[in-house]
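Structure first, commentary second.
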Amino acid sequence: MIKIYDTMTRSLRKFVPLTENTVNMYVCGPTVYNYIHIGNARSAVAFDTIRRYFEYTGYQVNYISNFTDVDDKIIKAATQAGVSPKELSDRFIAAFIEDTKALGVKPATQNPRVMDYIAEIISFVESLIEKDFAYEADGDVYFRVEKSEHYAKLANKTLSELEVGASGRTDAETALKENPLDFALWKSAKAGEVSWDSPWGFGRPGWHIECSVMATEILGDTIDIHGGGADLEFPHHTNEIAQSEAKTGKTFANYWMHNGFVTVDNEKMSKSLGNFVTVHDMLQTVDGQVLRFFLATQQYRKPINFTEKAIHDAEINLKYLKNTLQQPLTETADEQELKQFVIAFQDAMDDDFNTANGITVVFDMAKWINSGSYTEPVKSAFEKMLAVFGIIFEEEVLEVDIEALIAKRQEARANRDFAIADAIRDQLAAQGIKLLDTKDGVRWLRD
C-alpha cells in the first residue's frame with residue numbers, strides 16, 4: 001500500500017487513484033531559456049523514480065510534464081541572443097530532452113507547450129471573468145484572491161498574513177490591482193514582445209494559468225498527483241489551485257508532492273545565487289547514470305548536498321552494482337530470502353517513495369548475491385529494483401576474440417599450463433577485462 005506525503009494536508013496519506021490501476025500525474029516542467037542545472041534535474045529524476053515505482057507495482061501512469069515556452073525570462077534571453085522566443089525555447093527544449101535522456105528519465109506521456117494552448121487559456125480566463133473571479137484592468141486580467149476560499153492553504157498561510165507582506169508594494173502593476181495579492185492571468189503586450197490577440201487586446205498568458213489549463217485539458221478537472229519543486233508551493237501551485245477550483249468547482253489535485261532542493265555547501269542551488277552547475281556541463285565529465293544515482297540516493301522530499309565526494313561515491317557504488325549483475329548464475333538460492341528482500345524493498349518505497357531505504361535494501365541484496373545466491377529469478381528481481389531508480393545496465397558483449405581467449409585460458413588451466421594461462425590473463429587485463437576465478441567458474445568484469 002503506497003502512502004504519499006501530501007503537502008496540502010501535511011500528512012502521510014494512503015494513495016487511492018481516481019481510476020483503478022491508473023495514475024494521472026502532472027509535474028511542472030522547465031522554463032526553457034537556458035540549460036537545466038542539477039537542482040532542476042532533481043525534480044525530473046525524483047518524479048521519474050516515483051513514476052517508475054508506480055509502474056513497478058502495476059499501475060499505468062499518464063505522466064504529463066510541460067514546457068513553459070512563454071515567459072518574461074525567455075523574452076529577455078531571446079532578445080539578448082538576437083533570436084525569436086520560439087527559436088530559443090526550441091533549442092533548450094531539445095537540450096532538456098537530451099540531458100534528461102542521459103539521466104535515464106523516461107519520456108513523458110505528453111510534454112505540452114504553452115504556445116499550443118493559447119486559445120484554451122483565453123477561454124479559461126473568460127470563464128473566470130464570467131464567474132467574477134477575475135477582472136480586466138488596462139489590458140491585463142487579474143485573479144481576485146479574496147474570492148478564493150482557503151487561498152494559500154497549500155502554503156499553510158492565511159490571506160491576512162500574505163496581505164501584510166504585500167502591503168508595501170508600489171509598482172505600476174500593483175496600482176492596477178484591486179488587491180496587491182491579485183495575480184496576472186493575462187498580461188498586455190509591450191512593444192516588440194511575442195503576443196496573441198484576445199478580448200482584452202494583444203497580450204500573453206500569466207505563468208500560473210498555463211499549467212492549470214494544460215493539466216485540466218489533458219487529464220481532466222481533477223488529477224491524482226500534482227508535483228514540482230518545493231519552491232513552486234507558493235505562489236505557483238497556490239495560484240494554480242485558486243484559479244482551477246474557481247473555474248471547475250472541483251478539487252484540482254488529490255495529492256500534492258514537492259521535491260527538496262539540491263544544495264551547495266548547504267545553500268540552495270539556483271541561477272540567481274550563481275552557485276549552479278548545468279547538467280549539460282556535468283555530462284562532459286560525469287556519466288549520466290552516476291549523476292542519476294547521486295540524485296536518487298536521498299528521499300525526494302529531503303535536500304541533497306552536491307559535492308565532488310558525493311559524485312565519486314555514487315560512481316563507486318554504481319560500479320559495485322554493475323559488477324554484482326555480472327556474477328555467474330548459480331543453481332540455487334533461498335527463495336524465502338529473495339521474497340524477504342522484495343518485501344523489504346516494497347515496504348521502503350511504499351513509505352512515500354523512500355529511495356534511501358530502498359537503496360539500502362538493494363545493497364543488502366547485492367551482498368547476498370555476491371555470497372553465491374544468484375539464480376535467474378534473483379537476477380530478474382534485482383534488475384527490476386534497479387530499474388525503479390533508472391539504473392539499467394546494457395548487457396556487456398564480449399568480442400569473439402576475447403571470448404576465444406577466455407576459453408583458451410580455461411583450456412590451459414585444465415592442462416596445468418599456468419604460464420600460458422597467466423599470459424592470457426595479462427592480455428585480457430590490457431583490454432580492460434578483469435577475470436575472477438571462483439568455485440563456480442570464471443567471473444569477468446570490465447575495469
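Cβ from N, Cα, C; glycine included.
Record features, source Swiss-Prot:
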BINDING   CYS28, CYS211, HIS236, GLU240  Zn(2+) binding site
BINDING   LYS271  ATP binding site
MOTIF     30-40  motif ''HIGH' region'
MOTIF     268-272  motif ''KMSKS' region'
Key: Structural state census, the motif ''HIGH' region' (30-40) (DSSP three-state)   = 3 helix, 2 strand, 6 coil
Ask   = Quick one: what's DSSP say for CYS211 (Zn(2+) binding site), helix, strand or coil?
value = helix
Query = Which has the fewest other Cβ atoms within 10 Å: CYS28, CYS211, the binding-site residues listed?
reply = CYS28
Query = Taking the centroid of the Cβ atoms of CYS28, CYS211, HIS236, GLU240 (Zn(2+) site), which other same-chain residues have Cβ within 8 Å of it?
reply = TRP207, HIS208, GLU210, SER212, HIS226, GLY228, LEU232, HIS237, ASN239
Remark   = Counting across all protein chains, other CB atoms within 10 angstroms of the CB of HIS236 (Zn(2+) binding site) number 18
Task = Output, ordered by sequence, the same-chain residues six or more apart from GLU240 (Zn(2+) binding site) with a CB under 8 Å from its CB, or 'none'.
result = HIS208, CYS211, SER212, ALA215, HIS226, PHE252
Inquiry  = Averaging the per-residue pLDDT over the motif ''HIGH' region' (30-40), what integer do you get?
reply    = 94
Inquiry  = I want to verify one value. Collapsing DSSP to three states, which class is CYS28 (Zn(2+) binding site)?
reply    = coil
